[in-house]
Amino acid sequence: MSKVSVFGGGAWGRALAFALAEKNEVRIISRRDISSLLEPLNQKLKTLNCTSIIQVSHKEALDAQYFVMAIATSALREWLAVADLPQKIKILCASKGIESGSGAFVSDIMEERIAHKSIAYLCGPSFASEVVHSLPCALVIHSRNLELSREFGTLMPHFIKTYASPDVVGGEVAGAYKNVIAIAGGICDGLAFGMNAKASLLARGLVEMSRFGEHFGAKMETFLGLSGAGDLFLTSNSTMSRNYRVGLGLAKGKAINEILKELGEVAEGVITAKAITEIGQRENIYTPIAREINLIINGKNVRESSKALMA
């Protein structure tokens, strides 16, 4: 049984801790006390004859064979600067997004501190609320070190099927960009535009994210698979998606600060829309949906903007 430490006590971090506890000894670290949130998960694990998830200190968490990163992209650089991670490390990053201001991808931030051969990235269609009920799903573990991808795959529970891919850029662009398209999907549904419009929006969104990714060397096949189309269709069609709910709120005319306060959680697509817009302008990449979502987030009338979204 391997020792796995999960950094991040949010919904996704807790879900991954639960999933990994089927085969491993799992500890979790969070800035807040999450013992009450771990209790129902540990009760389920007990019925499955699995070890409980334990919340530990940062120092205790460093005593592990594998590390899983599930913290917000906006906090990633700051966290890595003080994490004091061991030299020999195997880390699975489940963070999705693009850093605001710098426009850095998650891999750029990670690889400033950790060798790329030691990092893998988890992508694909997966709601935390379904993972904690052991519902089946399929994910992709991207890494320039495919042996590491497959090694992390062996840690996963029976209900998660994993595939290995060397296309790190494709995986992280898809994982970040789909959150922006999901906001657009929420707006489309919130304005009751119908399924014809929704299909058009998602198809164009897939093309847009693919174009953006290919500019940075990503492979088209990544966007047609689980990390791209799979995650996009899931996130853009369900109220289980925070970014989709942001879109619903914007469609009602709510201000972004009000929506985020109601959510009480991070919605990566809000920051990512701005980052993609800035990168698109700098690199001369056509990003019409991301650009329009960024304008709506910053106060443009949603009905007026919807014409441009569907153009």
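Placement of Cβ uses the backbone N, Cα and C atoms for every residue, glycine included.
As annotated by Swiss-Prot, NADPH binding site applies to W12, R31, R32, K96, A128, R242, V266, E268, with the evidence given as sequence analysis. Annotated sn-glycerol 3-phosphate binding site per Swiss-Prot: K96, G124, S126, K178, D231, S241, R242, N243, in sequence order. Annotation source Swiss-Prot lists active site, proton acceptor at K178, citing sequence analysis.
Positions of Swiss-Prot features highlighted on the structure.
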residue : record                               : Cβ contacts under 8 Å, 6 or more apart
W12     : NADPH binding site                   : A70, A94, A128
K96     : NADPH binding site                   : T73, V106, C123, E172, G175, A176, N179, E268
G124    : sn-glycerol 3-phosphate binding site : C137, A138, L139, V140, L226, S227, G230, D231
S126    : sn-glycerol 3-phosphate binding site : A15, C137, L139, D231, L234
K178    : sn-glycerol 3-phosphate binding site : G205, M209, G228, D231, L232, T235, S236
S241    : sn-glycerol 3-phosphate binding site : F127, A182, G186, L234, T235
N243    : sn-glycerol 3-phosphate binding site : N179, V180, A182, I183, G186, T235, A267, E268, G269, V270
V266    : NADPH binding site                   : G10, A72, S74, R242
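Look at the Cβ of each of the binding-site residues R31, R32, R242 and count the other Cβ atoms within 10 Å; the largest number goes with R242. As a whole number, the greatest separation of Cα atoms within the sn-glycerol 3-phosphate-binding residue list K96, G124, S126, K178, D231, S241, R242, N243 is 16 Å. Ranking the binding-site residues D231, E268 by the number of CB atoms within 10 A of their own CB puts D231 at the top.
Under DSSP, E268 (NADPH binding site) is assigned to a helix (H, G or I) in the three-state scheme.
Pairwise Cα distances among W12, R31, R32, K96, A128, R242, V266, E268, which the record gives as the binders of NADPH, peak at 21 Å.
Following the DSSP three-state reduction, the secondary structure of D231 (sn-glycerol 3-phosphate binding site) is helix. Taking the Cβ of A128 (NADPH binding site) as centre and 10 Å as the limit, one finds 17 other Cβ atoms among all the protein chains shown. K178 (sn-glycerol 3-phosphate binding site) carries a helical DSSP state (H, G or I).
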